[in-house]
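Here is the structure we will look at.
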Amino acid sequence: MALEAWLMDDSNEDPRLPHHPNPKELLTMDYLAELGVLYWKLNPENYENDSELRKIRDERGYDYMDMLDLCPEKVSNYEEKLKNFFTEHIHKDEEIRYCLAGSGYFDVRDKDDRWIRIWMKPGDLIVLPAGIYHRFTLDTSNYIKLMRLFVGEPVWTPYNRPQEEHPVRKEYTKSLTHKFGESIQAH
């Protein structure tokens with residue numbers, strides 16, 4: 001099954017819920033690609049020997065890899081970490097995540113500053129571009145195992161919103177303006 005993504009409703013309910021609008025409308029991978037979000041469907045059962053994963057890593061220069069098991073039983077300060085992940089932020093580099101087990105949501109802002117919810121499940125590998133506002137939370141399963149990939153030594157520093165003057169954010173909005181031919185929302 002392919003990656004699912006949708007515009008989120010405006011509810012303040014539990015962030016682990018899907019937050020589908022009514023009516024439910026899924027977005028296309030082409031729309032995500034226009035925002036700079038890349039996606040591959042891989043075999044999570046064979047990640048250690050997966051030639052397609054190796055090819056992606058080689059072509060994109062992802063030479064660093066580690067694993068993150070995120071659940072209450074395996075992470076100290078679990079609630080605090082989840083709260084930090086759910087704070088809207090950008091990074092200076094791409095954020096690359098490969099779901100090996102469990103599931104969770106990456107939320108990204110679109111060109112009109114609306115939240116798009118991306119539901120990651122086993123086999124989903126996504127790349128969020130540097131400078132895109134995003135956040136992460138688990139779904140109601142309360143578990144995800146992610147492979148984190150990075151070019152060079154990882155720098156996990158989040159820059160919490162607002163960051164409109166940050167050079168990487170300016171570069172990202174410039175790329176969207178070029179694609180969509182209009183200015184990008186800044187709230």
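Note: Cβ is positioned from N, Cα and C throughout, glycine not excepted.
Listed in TrEMBL for this protein:
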- HIS89, HIS91, GLU95, HIS134: Fe(2+) binding site (BINDING)
- HIS89, HIS91, GLU95, HIS134: Ni(2+) binding site (BINDING)
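Neighbour counts were taken at the CB atom with a 10 A radius for the binding-site residues HIS89, HIS91, HIS134; the maximum falls on HIS134.
Cβ-based neighbour count (10 Å, all protein chains) for GLU95 (Fe(2+) binding site) stands at 22. Listed in chain order, the residues near the Ni(2+) site other than HIS89, HIS91, GLU95, HIS134 are ILE90, LEU128, ILE132, TYR133, ARG135, PRO158, each with its Cβ within 8 Å of the site Cβ centroid.
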